[in-house]
């Protein structure tokens, strides 16, 4: 008996003291600084961020003269609209009021005491944050390495003198560029944090239900109706939490996908129809692949919420086979009648594995069709 107690004490000492679950991270606080509920200061920061974000368009605009013909690529218009829509959407919707409601729904669950749930949350947060940091370091390094190489090539093999336009070009990319990249990094972190929060809420219910089911199978214990009723209430609270998160997630998923479609069309057109330098094609390909990785990561986390919801309801159904009590069966029936939990894609459909595969099938068709159509139009 003494040895068992000693082992238990050692095991307890080895348990890591995970802090209270929270999404109040540095990226979250940065986005709140430029939100619509941060007063005049937040609005000024938002306008400044828009200035930084769109600085890449200033240099071509300054070169316009009365004698020149102004033209702009359709791809640039699409990317301009998508990026500014994303920044504006976050400014008006991801604010203090939104976070306050998320906190209310989270506190309603009352699951912060559970060690396994805390461990799951912080483990997933560490994985998600490491993934995002590494991805954006690669994106930033790749883009600026290519940019500096292009500038070097231009100055080395061009007889053109250093002009004021070049100064502005350097300033726009070196000073304003990192701010824009950091904003995109923070937006990605916020989306991943919210998805992990939703997963964690379902994970608590899944752990408790599996434990309840295993006990009923192993020891033939009578199911505790109070535990089932409490888990059903927590499931409904989780549904409200996910619905609230979906107000941010659904439009964001749509915008990220549309940005990826635009970049993919541009890449396909460049690879097939244009005679670019190999380095340019390689740079575009890697950037497109990195964008796909980010999209798949966020989509995977969103699909996991739906999958955990399905798994949880299946466990509830299997639990119903272990009792003959009418009261318990009624409670389980109420549980099974609850709607599935998941995120929608732009409010159009629930994001699942099958819907994602259908979406990428449509993407493949679009990526092949649009550049081919453009090539046909240009030849005429």
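Placed from the backbone N, Cα and C atoms, the Cβ positions cover glycine too.
Annotation source TrEMBL lists transmembrane segment at 40-57 (among others).
Per TrEMBL, the feature transmembrane segment maps to 77-94 (among others). For the transmembrane segment (77-94), the residues of the chain that approach it from at least six positions outside its boundaries are 31-32, 34-36, 42, 46, 49-50, 53-54, 57, 183, 187, 190, 247-248, 251-252, 255-256, 258-259, 262-263, judged by C-beta separation under 8 angstroms.
Sequence-remote contacts of a segment are chain residues at least 6 beyond its ends whose Cβ falls under 8 Å from one of its Cβ atoms, and for the transmembrane segment (126-147) they are 25, 173, 177-178, 181, 184-185, 188-189, 192-193, 196, 279, 283, 286-287, 290, 293-294, 297, 301. Annotation comment: TrEMBL describes 126-147 (among others) as transmembrane segment.
The transmembrane segment feature in TrEMBL is assigned to 167-185 (among others).
Residues annotated as transmembrane segment in TrEMBL: 190-207 (among others). Residues 21, 23, 25, 27-28, 31, 90, 94, 102, 106, 109, 111, 114, 116-117, 120-121, 124-125, 128-129, 131-132, 231, 234-235, 237-238, 241-242, 245, 248-249, 252, 297-298, 301-302, 304-305, 308-309, 311-312, 315, 341, 343 of the same chain lie 6 or more positions beyond the ends of the transmembrane segment (190-207) yet place their CB under 8 Å from a CB of it.
Below 8 angstroms of C-beta separation, residues 75, 78-79, 82-83, 85-86, 89, 280-281, 284-285, 287-288, 291-292, 294-295, 298-299, 302, 343, 345-346, 348, 351, 359, 363, 366-368, 370-371, 374-375 of the same chain, each at least six residues beyond the ends of the transmembrane segment (253-274), sit close to that stretch. Annotated transmembrane segment per TrEMBL: 253-274 (among others), in sequence order.
Positions annotated as transmembrane segment by TrEMBL: 286-307 (among others).
Annotation source TrEMBL lists transmembrane segment at 343-370 (among others).
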Folded-back contacts onto the transmembrane segment (40-57), same chain, C-beta under 8 angstroms, at least six residues removed: 33-34, 76, 80, 83-84, 87, 91, 172-173, 176-177, 179-180, 183
Chain residues outside the transmembrane segment (286-307) and at least six past its termini with a C-beta under 8 angstroms from it: 128, 131, 135, 138-139, 142-143, 188, 191-192, 195-196, 198-199, 202, 242, 249, 253, 256-257, 259-260, 263-264, 267, 340-343, 350-353, 356
